[in-house]
């Protein structure tokens, strides 16, 4: 046992006490460098080789890659180091102070998902790493909660090809082998303002948007009829019209109207295909009102993800846990890390706690998670 390292709870406390919020708003966004440096020190103390990787086009964000052992294959344990911002008015405790009450560990990132690294490091202190005959990798990424820039950059730049990767997102220790993607778009209509007493002298953007929404709802129905995957509780792609704003006064012809929509494609649907379907749906509007319709990404799109049920990784994890791998509707970094090697999502904590005030992880997960991590390392690195 490595006695130089802090205790499990002390590791957890230090992680939660180190803010690493990612946000599109620059006023809220924070570098994760302090957290990455903290992890680097602990992993180095365990004897792993550590590399800090600056992530391009971010606000001073870093990935960390640590490894023990050389050669082909092996296991990668992955997680993100950032959290969402917090609503101070809805939290009843300090989000950056780990507190324990009623068998729960409270704090921002306890479940989603900085706490994972406390589990990994605490498990590694009891592993005889010199007995591993395949490499073990620990990947800590940046900006999962916004652009997924860390995972995108790692997948695009690494030459590593482990046998498999486990992303420790909070899944209540149930294996996840597939999830939908995410496309978030802004539809903007530019009209021509004027006095409401003479409608013919203007172009009402709200009226054009009304017609555009009709075409979007037709597309939504088409997606439901054309695509189907029974692995999902909601087995078709979804579209949500989530936000709309237009105009500034009742007596003024609306000059601009903007709609924000969310689409969740199934695995196997390419983002290019989905964009093409969206553009085709709005082609009649664009043709009738030349130059007045624009479509923009609100966030970088995320493709769907699936690790086939017959994949050796899925078979091994299902046998290890005695549970079938499932499909979910939320997104993770899996589609990007799947480009590197077969990937599953499996970790402690409940997804119901993600992005919630007074976020917590039940202490019931502590022993099973340590056991699972030990089993994973022995299975994939000592074969």
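In case you wondered, yes, glycine gets a Cβ from its N, Cα and C as well.
Summarising the environment of residue 112 (Zn(2+) 1 binding site), the number of other Cβ atoms within 10 Å of its Cβ, over all protein chains shown, is 27. Annotation comment: Swiss-Prot describes 80, 112, 169 as Zn(2+) 1 binding site, evidence class sequence analysis.
Counting only residues at least six positions away in the same chain, the Cβ atoms of 20, 21, 22, 32, 61, 142, 143, 144, 145, 146 sit under 8 Å from the Cβ of residue 82 (active site). Sequence annotations record features per position, and here Swiss-Prot assigns active site to 82 (among others) based on sequence analysis.
Swiss-Prot lists 112, 145, 355 with the feature Zn(2+) 2 binding site. According to DSSP, residue 355 (Zn(2+) 2 binding site) is assigned to coil rather than to any helix or strand.
Mapped onto three states, the DSSP output places residue 144 (active site) in coil. Residues or ranges marked as active site by Swiss-Prot: 144 (among others).
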Seminar exercise, completed: Ordered by sequence, the long-range same-chain Cβ contacts of residue 355 (Zn(2+) 2 binding site) under 8 Å (at least 6 apart) are 84, 112
Problem set entry | Number of Cβ atoms other than its own within 10 Å, given for residue 145 (Zn(2+) 2 binding site) | 19
Seminar exercise, completed: Neighbouring CB atoms within 10 angstroms of the CB of residue 144 (active site), all protein chains considered, total 25
Exercise. Residue 80 (Zn(2+) 1 binding site) has how many other Cβ neighbours within 10 Å of its own Cβ?
Worked result: 29
Exercise. Which number gives the other C-beta atoms within 10 angstroms of the C-beta of residue 169 (Zn(2+) 1 binding site), all protein chains shown included?
Worked result: 28
